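Please read the structure below before turning to the comments.
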Amino acid sequence: MARKKIALIGSGMIGGTLAHLAAKKEMGDIVLFDIAEGMPQGKALDLSQCGPIEGFDAKITGTNDYADIAGADVVIVTAGVPRKPGMSRDDLLGINLKVIKSVGEGIKNNCPDAFVICITNPLDAMVWALREFSGLPHNKVVGMAGVLDSARFATFLAWEFDVSVKDVNAFVLGGHGDTMVPVLSYSTINGIPVKDMAKIKGVSEDRLDEIVKRTRAGGGEIVKLLGNGSAYYAPATSAIAMAEAYLGDQKRILPCASYVEGKYGLDGLYVGVPTVLGAGGTEEVVEIELSDEEKSNLKVSTDAVEELLDACKGLDESLK
Ligand code: A3D
């Protein structure tokens, strides 16, 4: 069987980390693409030289030519600019929309059968625009955010309860912004609802609220600490888990920015929802029952995503 081909559009901090992880896991041959000349080639060479030490077989190449992503099975998109301290994800819209347009066309012309995972921010708007520009079916274009946001939520819960992260199952829904919805009612410690665990461990509701708030602001906390750029290790790991679910037809249920039509009262929007990921791409959006409060929080979040889509349509005629 031929090796799979993984194309990484954007070879910056997340792109380079993705390449390293994909190579280590021998997921396939890897093409690093970027508009910066020399940089993807340099990273590819450097990463290739990890092979003899780490013992992986993966051909890693760097390029500035979209023709080299031809036939890719999976494309992961990080092209664009990240946040600087004080910026919101939405501040990136104008600049990253132009980038996503060129990426969408590159994918359409070279690997229209690929499964495409978008990471570029503002995520929910960029994944929608990428789907529009690439013309791929909705089930083959997905956004990575929920896996990361849920991992942040799980980390903070594990620290609070002093338990292994392996036993924490945390869930975040909605758009990837300050209005995201960490859902305590579906978060458990090895099956024990978080609210029950809080009682057992003497953790107050106020403290749980603080954890929810910290999760929502989790990306900004790292941007502030780094001083330059945004998180990249956990975002890369999250996207790799999604790519593995697709390549291995794993049927994992992961929170992804998927195209939702009909469910959750939505009509054609990309937003974070539990999604079955398998060989068919986003095979099913799972509609879970939410409390009235969770529903209204989700509505605030999806309204914010809709506003961003309107802004995209205002910036690019072809999206109207
Ligand atoms: P960075 O290290 O700057 O890498 C971005 C790369 O994109 C750079 O190497 C650029 O040269 C390249 N690039 C710019 N324009 C183009 C273009 N037209 N075509 C191809 N490549 C181009 O950023 P990063 O890797 O840290 O972050 C990448 C993106 O991911 C940013 O938009 C971040 O905001 C976003 N991000 C999203 C999450 C989510 O959870 C959704 C988390 C962290 C970062």
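Including glycine, each Cβ sits where the backbone N, Cα and C put it.
Keep in mind that what you see is a predicted model, and the values were worked out from it rather than measured.
Summarising the annotation, TrEMBL assigns active site, proton acceptor to H176. The secondary structure of H176 (active site, proton acceptor), as reduced to three states from DSSP, is coil rather than helix or strand. Applying an 8 A CB threshold to same-chain residues 6+ apart, the list for H176 (active site, proton acceptor) reads R89, N121, P122, L123, D124, G143, A145, G146, D149, A257, G272.
Reduced to three states, the DSSP call for I14 (NAD(+) binding site) is helix. The NAD(+) binding site feature in TrEMBL is assigned to G10, S11, G12, M13, I14, G15, D34, N96, I119, T120, N121.
Feature annotation from TrEMBL assigns substrate binding site to R83, R89, N121, R152. Secondary structure from DSSP puts R89 (substrate binding site) in a helix.
For 5-143, the entry in TrEMBL reads domain 'Lactate/malate dehydrogenase N-terminal'.
Residues or ranges marked as domain 'Lactate/malate dehydrogenase C-terminal' in TrEMBL: 148-304.
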Of the binding-site residues G10, D34, I119, which one has its Cα closest to the Cα of R83 (substrate binding site)?
I119
Provide the number of Cβ atoms within 10 Å of the Cβ of I119 (NAD(+) binding site), excluding the reference atom itself.
29
Based on the record's binding annotation for NAD(+) (G10, S11, G12, M13, I14, G15, D34, N96, I119, T120, N121), what whole-number value in Å is the widest Cα to Cα distance?
17
Which residues in the same chain, at least 6 apart in sequence, have a Cβ under 8 Å from the Cβ of R152 (substrate binding site)?
V172, T215, G218, A234
For substrate, what surrounds R83, R89, N121, R152 with a Cβ no more than 8 Å from their Cβ centroid?
P82, P122, L123, H176, G177, G219, G220, V223, S230, A231
Within 10 Å of each Cβ, count the other Cβ atoms and name the one among the binding-site residues G12, D34, R83, R89 with the highest count.
R89
